[in-house]
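Look at Swiss-Prot and you will find PRO17, GLY93, GLY94, ASP95, THR123, SER124, MET177, ALA206 tagged as S-adenosyl-L-homocysteine binding site.
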Amino acid sequence: MTHNKTIKKVYIVGAGPGDPELLTLKAQRVLREADVVIYDALVNPEILQHCKPNAEIIKVGKRRNNHSFSQLQIASLLIDRAKKGERVIRLKGGDPLIFGRLGEEILELFSKNIEIEIIPGITSAFAVAADMKFPLTHRQLGSSITFLTGEEFYEKTTNKLKWERIIWGADTIIVYMILYNLPKIIKKFLSVGYSAEKPIVLVQWASLKKKNFLIGTIGTIIHQVIESKFGPPSLAIIGEVIEISSIIQKL
């Protein structure tokens, strides 16, 4: 194990949406050099094969209602190992900059004078659009995108989302972690006059061979989820750009 008391640095690395081949070259390189890799539950285990044989690999959970480590415990672990001079990686699914609780962890690290380097990953929404062969932007159909989290409903108590502004402020809307609160989210869309005919795609296990898609409308998707027993982890993309996928399939 490499010890260097002057390092005191943590790499926060995006593991991408799941497909190991979508891991960036830089992420692969730092994984090969790491002494300690602290990873989330949604990271594909195949990605850990890039770690050197004697690296310590620690799973910290982070699935809904099943956190093996609290956020504070994770931060403490990162700080402790970095202060020992070990090469530390915090490995997160997707891109850590999008709904990855990055802010909480980097503030803790900075407060202890620990340097960080963030290595972005491919976020799941991009993998979904690539798999289904539609763009997230289009000159006629979608010139703006909004990223939302479906978990905001039950977790946030202040500064709640201004749904009417958000829904009418973007052509394409991407909702991560949508499944648990899907009925509430659909109700919000409809309550501000959003069309029940608006296209939506719901995706589970983006980029992996076991991926699962549901294509429908705002008005039909809840029934489709119930009928198909669709499960997490999943995200939704809403907007007219989805129609390009259907057009391509007909060609």
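Every residue gets a Cβ built from N, Cα and C, even glycine.
Overlay of Swiss-Prot feature records on the structure.
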{"residue": "PRO17", "record": "S-adenosyl-L-homocysteine binding site", "DSSP class": "coil"}
{"residue": "GLY93", "record": "S-adenosyl-L-homocysteine binding site", "DSSP class": "coil"}
{"residue": "THR123", "record": "S-adenosyl-L-homocysteine binding site", "DSSP class": "coil"}
{"residue": "MET177", "record": "S-adenosyl-L-homocysteine binding site", "DSSP class": "coil"}
{"residue": "ALA206", "record": "S-adenosyl-L-homocysteine binding site", "DSSP class": "coil"}
Around SER124 (S-adenosyl-L-homocysteine binding site), how many other CB atoms lie within 10 A of its CB?
26
Count, for each of the binding-site residues MET177, ALA206, the other C-beta atoms lying within 10 angstroms of its own C-beta, and report the residue with the smallest count.
MET177
Among all the protein chains here, how many other CB atoms are within 10 A of the CB of PRO17 (S-adenosyl-L-homocysteine binding site)?
30
Among all chains shown, work out which of the binding-site residues GLY93, GLY94, ASP95, THR123 has the most CB atoms within 10 A of its CB.
GLY94
Using the Cβ centroid of PRO17, GLY93, GLY94, ASP95, THR123, SER124, MET177, ALA206 as the reference point for the S-adenosyl-L-homocysteine site, which residues of the same chain not in that list have Cβ within 8 Å?
GLY16, GLY18, LEU42, ILE98, GLY121, ILE122, ALA125, ALA127, TYR176, LEU235
